[in-house]
Structure formats: C-alpha cells, structure tokens
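What follows is one structure encoded as structure tokens, with my remarks underneath.
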Amino acid sequence: MDVDGGSTSSDSTRVRSIPIRSGQCKAFLSQFKQQSLPACKPVLTPAWVIAIHLLLGFVFIPIGLVTLHASRGVLEIVDRYDADCVPEEFKGNKVSYIKDTSVPKNCTRILKVHKYMKAPIYIYYQLDNYYQNHRRYVKSRSDQQLLHGLKYNDTSSCKPEESNNGLPIVPCGLIAWSLFNDTYTFIHGTAELRVNRKNIAWKSDRDHKFGKHVYPFNFQNGTLIGGGKLDPNIPLGDQEDLIVWMRTSALPSFRKIYGRIEEDLEADDVIVVHLMNNYNTYSFGGKKKLVISTSSWLGGRNDFLGVAYIFVGSSAVILSLVFLLLHVKNPR
Amino acid sequence: MELVRVGQAYFMIRDTLMYDEASNSAFQCRALNINEDLGQIKFVFSDKTGTLTENKMEFQCASIWGVDYSGGKDSSVNEQVGHFVQVDGKILRPKMKVRIDPELLQLSRSGNNTEEAKRVHDFFLALAACNTIVPIAFDDASNPTVKLMDYQGESPDEQALAYAAAAYGFMLIERTSGHIVIDIQGERQRFNVLGLHEFDSDRKRMSVILGCPDKTVKVFVKGADTTMFSVIDRSLNMDIIRATEAHLYNYSSLGLRTLVIGMRELSDSEFEQWHSSFEAASTSLIGRAAMLRKVANTVEKSLRILGASAIEDKLQQGVPEAIESLRTAGIKVWVLTGDKQETAISIGYSSKLLTSKMTQIIINSNSKESSRKSLEDALRMSKKLITVSGTTHNNGGNSGDAVSPVALIIDGTSLVYILDSELEEQLFELASKCSVVLCCRVAPLQKAGIVMLVKNRTSDMTLSIGDGANDVSMIQKADVGVGISGKEGRQAVMASDFAMGQFRFLVPLLLNELIFRYVLFTCFTLTTAINEWSSMLYSIIYTSLPTIVVGILDKDLSRRTLLKYPQLYGAERRQESYNSKLFWLTMIDTLWQSVVIYFIPHLAYWGSTIDAPSIGDLWTLAVVILVNLHLAMDVIRWSWITHVAIWGSIVATFICVIVLDAVPTLVGYWAIFDIAKEGSFWLCLLAIVVAALLPRFVVKVLYQHFSPSDIQITREAEKFGSRREFGAVEIEMNPILEPSRR
C-alpha cells in the first residue's frame with residue numbers, strides 16, 4: 001500500500017490554513033464538517049502488493065522455524081493410565097470398579113526418560129473428553145463465597161451444589177464438587193523424587209480470589225460424592241489443587257499442573273509412579289494421562305503454530321511470485 | 001447503523017456546498033433513513049419554477065404596438081437613470097432596479113403627443129395598474145433622504161412588471177380598495193378602481209377597470225398569450241398583432257415568460273351594464289366565482305392590443321452544471337412544468353437539460369387516438385435512434401457519454417389522454433429510452449400521476465424536487481422527496497454527489513459481526529469463554545466506534561473529482577460495489593475469518609493448561625483487531641481521525657481487557673497477564689490476523705487487477721494526478737468514458 005509522504009488529499013489545499021492560533025481550532029472544525037481533512041489515500045500498486053507478500057513470507061517462515069524449534073525442544077513423557085490401572089476382573093465394567101470403595105485404587109506405572117530433561121520439570125494430569133467449559137458447569141461457583149466464606153450467603157449461582165442438609169457448602173458449586181483427586185508419588189531409583197506442590201496455582205488467585213480465612217465446610221458430605229475431599233483445617237487460599245481445578249479449562253482436552261520436579265532427569269532414568277486412581281472418568285469415557293514435561297518461552301509442546309507460520313509464510317511467497325508473473329505478463 | 005445515519009445527516013446539514021447564502025438557510029435532513037437511498041436514485045423529477053429557476057423575475061423587454069424594445073443593457077442602469085419621485089422632500093425610488101431600454105424610456109417620457117407615445121403610455125399604465133400589488137414605502141437605511149418603494153404581491157411576475165413600470169416613470173404609489181395613485185412622469189394621478197377581475201387559471205388573464213382622471217373608463221387586461229389572442233379584436237391592426245405574435249415567439253424561445261397586454265375604452269352604457277352585473281355577481285352568495293368569471297368574459301373582449309412583456313425567469317445558480325452532472329451520471333431527469341412548450345424547451349436549453357445533440361420527440365395531440373399514434377411513431381423513432389447511436393458509440397469510441405440522446409417533450413393535454421389508459425405502458429417504454437423528459441402544461445395532479453407511472457414500473461429509486469404547493473403530491477409520491485422552502489430555492493440537486501459509496505462496506509461488516517458471534521457461540525456450543533462484559537463491550541466500543549467514524553468520514557473520492565466525472569455515480573446505482581456476487585464472496589470470506597479465529601487458538605492450545613477466560617481474552621482481542629483491520633482495508637481516505645478511531649479502538653480493547661481482568665470478582669481475574677507471558681499468545685494473535693486477512697487481500701488485489709472499477713481507476717488517477725502531468729490523468733481517465741464496461 002502506498003502510504004509514503006506527499007500523498008495527502010488534493011482537496012486539503014482548498015481549505016486555507018488560518019495562521020492565527022485561535023483560528024486553528026475553527027479551521028479544523030470546518031475541515032471536519034466539510035469532510036476535507038487532510039487524508040492519506042493508500043492505493044494498492046502491484047509493486048506494493050508483491051513487496052507486502054514477500055515481506056510476509058520472509059517474516060513468517062523464520063518465525064515458524066523458530067517456533068517449531070522451540071516446540072520440539074520441549075520434552076514430555078505422556079502416559080495414559082486410566083485403562084491400564086483397572087484390574088483384570090473389572091475390565092468389563094470400569095464404572096463399578098471406580099465406584100466400589102472396597103477395591104484398592106493404587107496402581108504402579110513405570111516411565112522411562114528418553115532424553116536429558118532440565119529442571120524445572122512440570123507434572124501435569126491431562127484429561128481428554130472432559131468438558132470443563134460446559135456453560136452450566138462453568139457457572140456453578142460463587143467467587144464471593146470463595147473469598148468471603150460463610151459470610152456470603154447468596155450462593156444461588158452454585159446450584160445444584162449450594163447446600164446439603166440445610167447447611168451451606170463451602171466451597172459450593174459443581175466445579176469444586178468435581179475436584180480431581182488422583183494422587184501421584186514418584187520413585188527415582190531408590191529414593192522418592194521430591195515434588196514441589198507449592199506455588200502451582202496462580203499467585204493472583206491465591207491472594208485475591210480464595211480467602212485466607214475461609215475453611216471448607218460441609219464439603220462432599222452429600223449422598224453423591226463427586227470428587228476429592230478437602231482438609232477442613234486448611235484455608236481455601238492454601239488449597240492449591242482446588243485453586244488450579246477451579247480455573248476451568250477452555251478446551252475439552254486439557255492439562256492441569258500437579259507439581260514441579262526441581263532436579264534434572266538424565267537420559268534413560270527410570271521413574272516409578274505410584275498413583276491412586278480415584279477419579280471417575282469411566283462413566284463418560286474420559287481419558288486420564290500423566291504428563292511430565294519441560295517448558296519453553298512458547299508454553300508447552302505444540303507443533304501447530306510453527307507449522308501454521310511456515311504454511312502462511314510460504315503461501316505468501318508463492319502468492320508474491322504469482323503476482324509478479326501476473327504483473328510481468330499482464331501489465332496494466 | 002442509525003448512528004451512522006445521524007452522522008451523515010449532520011454532515012449533509014453542515015455541508016457548505018449545500019448552503020444557500022441568499023436565504024441563509026442550510027440543507028435540512030428530515031428523515032434519517034433516506035440518506036443511503038440517495039445513492040440509488042435513478043429518476044429525478046423536478047419542478048421548474050422555483051426549483052430550477054430562482055422564481056426571481058426580471059423584466060427583460062417589451063413589445064409595444066408591434067415594436068420590439070429590447071436594446072437595454074445592464075450598463076445603462078445607474079443611479080441617475082433610475083426613476084425617482086419627490087415626496088415630502090424625500091426621494092422615492094423603487095427598490096429593485098430594472099434594465100431600461102433608452103429608446104423606450106425616451107418615448108415614455110415624451111408624453112401623449114404621438115400615437116406611439118400614447119400606446120407606450122397606456123402600456124405602462126396597464127403594467128402599473130393591472131395588478132394586485134400593494135406598494136409600501138420605507139426608509140432607506142443607508143440614505144435618510146431616500147425612501148424605497150417595495151412592491152408586495154402574490155405573484156413575482158406582477159412585481160417584476162410593476163418595478164418595470166416604475167422604472168419607466170409610471171410609479172404605483174398608493175393602493176386602496178377604491179383607488180390607486182400612480183405617479184406618471186412626476187405628475188401624480190388618481191385612478192378609481194371600478195372593478196378588478198382577478199387572475200384565474202381558466203381565463204389565464206386578469207383585468208382591471210379604471211376610471212381615469214379624464215372621466216373615461218378603461219379596461220386593461222393582461223394574460224397569457226393563448227387566451228389573450230382570442231379576446232383581442234382581430235379586425236383592428238392585424239399587422240400589429242402579427243408582429244406581436246412574432247415577438248412573443250422570439251421571447252419565449254429565449255426562455256422568457258411572456259404576457260400580453262390589451263385594453264379598450266368602455267362606453268358609458270357598456271360600463272353601466274358591466275357595473276350592474278359586476279355588483280350582482282360580487283354580492284351573490286351562490287356560484288360567485290363562476291358568475292364573476294362570466295362577467296369578466298363580457299368585458300374582456302374585442303380588446304385593442306397594446307403589446308407584450310417578457311420577463312426573465314432567472315435560472316438558479318449552478319443549475320445547468322447540476323443537470324448536466326445528473327444527466328452524465330445516467331440519471332433520468334424529468335422536468336414537469338406548467339409553462340408553455342416553447343418556454344419549457346427554451347428553459348431546457350438554457351439549463352442544459354436539452355442539448356443540440358439530442359433528438360427531440362414532441363408529442364402534442366388532442367385526442368386519445370392521435371396520442372396513441374404519435375406515441376407509436378415516437379417509439380419506433382427512438383428505437384431507430386438508439387440502434388444508430390449504439391453503433392456510432394461502438395465505432396466512435398470516446399463519444400462522450402452512454403446516454404442515448406433522445407429527449408421526449410410531451411404536453412399536458414396529451415398526458416390527459418395517455419395517463420389512466422393503456423397508453424401508459426407505451427409512454428413508460430418510450431420515456432425509459434429517453435434521457436430527458438420534459439412535460440409542459442401539466443397540472444399538479446398529473447405531476448403525481450407521472451411519478452407514479454415511473455415508480456410503479458421500476459424498482460429504482462425516484463426523487464422529486466419541488467418548491468410549491470403544486471409539487472406536494474409529486475413529492476409525496478416519490479421515494480425521496482426534496483422540498484424547497486421559500487422563494488429562494490436551494491441547490492438541492494447538488495446533493496446528488498453526497499452519501500455515495502459510504503455504505504458499501506457497512507453491510508459486509510455487520511454481516512461479519514453476526515457471523516463472528518454465530519461461530520463463536522455455536523462452534524463452542526455450551527461455553528462462555530468470552531465473558532459477558534467483553535461481549536457487551538465488543539459491540540459497543542471495540543468495533544462499532546471505528547465503523548461509525550469510518551462510515552461517516554470516509555469517501556471514495558474528493559468532491560471535485562466526483563463532480564468532474566459524474567459517471568462514477570452510476571457505479572453506486574448499478575450496485576457494482578455491492579451486489580450478490582460480492583455478497584457471497586463476503587460470506588465466504590467472513591466464514592474463513594471466523595474459522596481462522598476459532599481454530600488457530602483451538603489447535604494451538606489443544607491439550608494445554610489454558611483456561612477459559614484466557615482463551616476468551618485471546619478471542620476478543622483477535623476479533624477486535626481483525627474487524628478493525630478488515631475495516632482498515634476498506635478505508636480509502638486515512639485522515640487522522642480514521643487513524644485514531646481504528647488504532648484507538650484496538651488499544652482501547654487491550655485496555656478494557658486488562659481492566660476487566662484486574663477485577664478479582666470476575667472469573668477471568670489476571671488471565672490476560674498470565675497468557676500474555678507465553679509467546680504462543682502473541683504468535684496466535686499475529687497468525688490469526690494474517691491468515692484471516694490474506695485471502696481477502698489477495699482477492700481484492702486480483703479483483704482490482706483484472707476488473708478495476710471506475711471508482712478504483714479514478715481513485716488512482718486522483719492520487720497520482722497530483723504528481724504526474726495533468727495530461728496523463730486525462731489519458732488514464734479515458735476508459736471510464738467508454739459506454740460499455742464489462
């Protein structure tokens with residue numbers, strides 16, 4: 001687009017400029033009202049079009065390559081365990097297994113580290129086919145109650161989990177009720193791998209959204225138990241798993257942080273994971289995965305953006321060549 | 001949409017090009033929803049008097065006793081020549097100055113000595129007396145010794161004639177119900193007004209019966225030539241009548257309004273007879289008007305012809321240019337006037353409505369059969385002409401404009417037979433082949449009938465312009481009515497270049513908004529990723545403000561260029577800028593943009609820790625940036641206000657998102673700060689914008705390359721014209737003038 005200087009509208013010359021200071025405002029008003037403000041009128045010339053496309057190409061392809069490199073640099077170990085952790089005799093009926101409290105839920109997984117992973121290494125649990133973004137689910141919470149506790153009575157937004165046996169529930173709502181409650185312990189070699197479970201939730205959430213003096217009350221006492229229970233002696237502001245869970249995910253396939261490993265893992269290290277497979281995803285066919293991943297400036301590992309950038313960049317270059325050909329063959 | 005209309009109406013009101021200094025009144029927009037219709041008008045119906053012309057009459061020349069006095073020059077008018085009268089030590093002078101023929105002035109001052117001078121005397125006496133003017137004298141503000149004479153009357157013609165008489169020394173000084181005082185060459189004379197027959201549209205004349213100081217009774221009649229010649233005694237002075245008729249023809253072909261003046265002396269018996277019947281008629285309770293008319297007819301007969309006056313009906317400033325612009329823009333101009341055919345045609349020429357290149361088809365018939373025949377003839381002729389002109393267009397190349405040079409002139413009597421019959425269809429067929437239609441001698445209701453005739457048979461917009469009560473029906477019938485108030489009409493026709501092309505991208509944009517919302521809230525069926533505040537603000541400030549500003553401020557081309565090449569106006573009317581092909585292109589484009597907006601974050605964040613408010617922020621920002629850049633691609637004039645509106649809107653959106661995310665009680669608390677830490681957020685934003693707009697950009701470029709629109713070419717010419725030689729612009733402009741485009 002031709003936007004260089006000197007391309008102001010020709011009719012701006014018609015409006016005489018008034019030298020007096022007070023007159024300038026008036027002159028502007030008249031220009032405004034007469035719609036003859038000085039204006040730049042870009043016109044697409046072939047040269048500009050080709051240049052723009054070439055520029056796009058030469059900016060986007062490198063960005064794409066860098067992004068792809070960064071994404072590939074993120075190492076992750078993904079282990080789906082929901083199916084394998086069901087004992088043989090319950091393979092036919094997974095729901096009865098997860099609902100039967102007498103059956104032990106512990107399960108052991110062995111993960112192999114393929115490449116050197118540099119600390120900090122993040123531990124996520126990943127749920128697939130889990131619509132945490134469902135309209136009614138998302139709304140079933142009370143931010144006021146999370147901050148002020150029992151002092152805040154209007155918990156109508158929390159339906160259907162706002163009270164039990166005539167007493168209010170803290171934290172109320174379906175989101176809290178469905179708290180994820182699988183737990184993991186990691187054995188590296190002979191010793192237990194130290195997992196930092198502090199500071200996994202956003203600091204802004206811990207400080208300003210969840211009360212420091214709000215304790216769980218009457219939680220998970222109903223006939224229908226949704227998910228994890230909370231220690232009634234720890235204030236909500238310190239229940240980081242809850243805080244992480246309450247930040248509802250945007251997409252039906254999502255990860256949530258579980259903790260951080262603060263030591264490097266060498267290649268070919270073997271990690272034994274003892275996990276408690278408590279959370280019921282079997283009734284709706286959701287998948288549970290354990291993810292151990294490093295991170296980069298980009299975020300997690302996702303090749304899509306890099307590929308997209310390379311694709312857009314190369315199509316821009318091709319288009320610029322097409323325009324060049326058009327211009328040479330069929331000049332106006 | 002409504003806001004944009006209000007804004008445009010504001011600019012129409014403030015537009016000084018539509019400001020009339022004479023009446024000190026600006027353009028007024030009384031209906032909001034017609035602004036954009038203005039761009040779609042194909043038929044313009046215009047009244048003549050008061051609309052095309054100023055309705056400011058000026059006495060031009062006179063034919064007295066068969067002699068034409070039209071040698072007056074403007075230069076001869078000066079303070080000394082202008083007639084004035086001494087009254088009470090003060091000088092009395094008419095307010096308006098009139099062109100004066102020196103020879104005639106000499107004659108009028110020479111007294112009653114010769115036969116010629118006597119006729120002149122009678123002629124001006126008739127002009128001064130035969131009217132309903134009320135003279136009012138008032139002090140001249142600039143000169144205390146001078147009193148100005150203002151003639152107030154219902155018809156501007158009469159005023160012009162009275163001023164003329166005053167200039168030649170026959171100054172009407174006083175009028176009461178029983179007598180008038182006329183100052184004749186400094187000598188004050190008192191005439192008794194014995195009776196006055198007012199002007200009516202049947203007789204088309206008026207008469208006054210005066211008792212002169214010398215005890216004679218005279219009747220003075222003035223009126224339209226058609227009715228006057230029938231009451232003039234043809235046995236007397238046949239050659240004078242012929243000469244006058246020839247002069248009248250000359251005058252009316254110059255575009256002047258003519259009036260014929262006659263007189264006769266009444267004998268005592270005649271007077272007595274008239275007087276008694278006049279008394280009876282004017283005191284009767286039933287059918288007074290008809291009886292008065294009958295009485296008038298008895299006295300208005302076997303008149304001696306005195307002469308004829310010619311008054312110039314001055315064209316309004318800029319009318320020829322406006323009409324020419326309209327015509328070259330391919331708009332059909334219909335002028336509906338009550339004037340005589342000759343007058344109408346001459347006005348047509350002087351207003352450039354008719355040109356010498358045009359072939360005139362004149363329909364003048366007195367019966368249904370003859371009008372049918374002339375219509376059929378005219379149709380055949382016009383078809384032949386159009387095929388001929390079509391071939392010459394193809395061979396000749398740059399032959400001016402694409403308008404077929406056929407003008408239809410039809411008079412009111414023919415219209416009576418044509419309207420309300422099956423001939424209507426033929427008339428419309430014929431009229432649609434003509435670029436100009438001139439209807440003369442039409443009654444107010446016929447005007448409306450003609451407008452309906454066109455409106456019922458086309459889908460095009462029609463516009464009517466008129467000033468008086470006789471145009472009301474016509475104005476009401478048309479899609480867009482333009483009313484002009486007062487004697488000093490305004491150049492409402494100049495409004496045609498306004499409002500052009502500014503709505504071209506509003507509709508696609510609105511579509512865009514709808515689809516964005518549709519996609520975001522259906523693809524993502526049951527979620528609320530974007531919080532309510534954001535989606536509310538989205539429509540209020542994020543996107544509508546720049547749309548409004550650009551919709552109001554942007555224009556395709558500068559006004560000058562537009563007036564220079566009025567063909568461009570055709571683009572709007574042909575709906576080049578917005579047709580169904582473009583509609584579907586826009587739909588596909590919008591769908592693509594929606595898909596890009598939705599799926600790039602979706603795929604980029606699949607299986608990540610992203611939370612709903614964060615991705616909602618990303619979507620909000622992406623949509624706003626996209627809509628604004630989309631708009632920016634269509635902006636043609638980038639004034640600083642446009643810059644502020646578009647970039648400011650994006651910045652404002654960022655600020656709003658940040659502010660909303662700083663409220664702890666909202667779900668999305670701190671989301672934007674968290675997501676903005678990751679590079680993928682910014683990469684997503686950039687990728688969305690580029691990927692969404694790239695196809696549109698490419699299509700736009702290809703479209704401009706292969707089939708540039710007239711607007712586009714002119715735009716480039718306008719831009720580069722300032723750098724290149726002017727001749728180069730002319731060369732580049734040539735293709736626009738080609739009649740056939742694609």
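Numbers run from 1 along the shown chain.
From the backbone N, Cα and C atoms, a Cβ is placed for every residue, glycine too.
Computed from a predicted structure; not experimentally measured.
TrEMBL lists B:Asp47, B:Thr49, B:Asp467, B:Asp471 with the feature Mg(2+) binding site. For the recorded site, B:Asp47 (Mg(2+) binding site), the DSSP three-state label reads strand.
Taken from TrEMBL, the feature ATP binding site applies to B:Asp47, B:Lys48, B:Thr49, B:Glu158, B:Phe199, B:Lys222, B:Arg257, B:Thr337, B:Gly338, B:Asp339, B:Arg441, B:Lys447, B:Asn470, B:Asp471. Classification of B:Phe199 (ATP binding site) by DSSP places it in coil, neither helical nor stranded.
Annotated active site, 4-aspartylphosphate intermediate per TrEMBL: B:Asp47, in sequence order.
Annotation comment: TrEMBL describes B:509-530 (among others) as transmembrane segment.
The domain 'P-type ATPase C-terminal' annotation in TrEMBL covers B:516-709.
The feature transmembrane segment is assigned by TrEMBL to B:536-553 (among others).
For B:582-600 (among others), the entry in TrEMBL reads transmembrane segment.
According to TrEMBL, the transmembrane segment annotation covers B:612-632 (among others).
Residues or ranges marked as transmembrane segment in TrEMBL: B:644-673 (among others).
Annotated transmembrane segment per TrEMBL: B:679-699 (among others), in sequence order. Within its own chain, the transmembrane segment (B:679-699) is flanked in space by residues 585, 589, 592-593, 596-597, 600-601, 604-605, 618, 621-622, 625-626, 629-630, 633, which lie at least six positions past its ends and keep a Cβ under 8 Å from the stretch.
All protein chains considered, the CB of B:Phe199 (ATP binding site) has 19 other CB atoms within 10 Å. Around B:Arg257 (ATP binding site), a 10 Å sphere centred on its CB holds 23 further CB atoms from the protein chains shown. DSSP gives B:Gly338 (ATP binding site) a coil state; it is part of no helix or strand.
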